[in-house]
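Taking it in order: structure first as structure tokens, then the write-up.
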Amino acid sequence: MQIKRWFLNNSLRNYQYLLYDKSHAIVIDPLKSDIFAEFIAKNKLQLEAILITHKHGDHIAGVKKLLAIYPNAKVYAYTGNDLFKPDIYVKDGSFINLGFTSFRVMYIPGHIDDHVCFLFEQERALFCGDTLFNAGVGGVQAESADINQLYDSLVKITKLDGDIKPYPAHDYWLGNLDFALSILADDSYFNYYRNQVAELAAEDKPIVNLAEEAKLNIFIRAMSDKALLKALPDYSLGREMFVKLRQLKNNF
């Protein structure tokens, strides 16, 4: 299947994603229903599934309107919410075969306690919501957030094949790289990508695979990068370094 990406240019800098082939469509975390409905109608597709990574409003606001247009579409989510009840409740390890494609579910709490991601192995795509961003990770402001769970979820993602491409729900490239450079100012990867994305519109920013993400993401590098021991000598690599970096990012 092909993957269509839109940038909403709203205050939260949301990306929206749709998978499609000649006949079928799958929507991920719809905030704005109209862009999906227009594309689906224009290409004469059938909306088969709506996948929800978590229940924050900017990931579910468009679900009811899409279901009004496509009542046969099935909603997949870890838990329900005030706007809708899922047709299929997923959990860690769930495998869903839709016939025209399939996906696996990973439970990745930390940003919020109902967070999952959807791994499309044939497409080599991971829809990771607000857990992993380009050059960053999700925040821990939600009531059910847990910074240690977020670390464990990130470790879980890094164990996937390096050629899989993560598709995060927001464009936070610049802010995340600026933070990373405040810790490791001379790092070649941080500087390279900061210079590259600075001139690009959000719609044109790169979609990198997990192997590349591991080089440009300071939170992944917190697991093993000894350069961080010089920058933050009071903290050990792994969970302790990750927690410290997430705390510093909160106030950046």
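Residue numbers in this text run from 1 along the chain shown.
Glycine is treated like the rest: Cβ placed from N, Cα and C.
On a predicted model such as this, the values are computed, not experimentally measured, just so you know.
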Legend entry - Listed in Swiss-Prot for the Zn(2+) 2 site shared with D58, H59, H170, one of D21, D130, D204: D130
Legend entry - Close binding-site residues near H170 (Zn(2+) 2 binding site), where close means Cα within 10 Å, chosen from H54, H56, H111: none
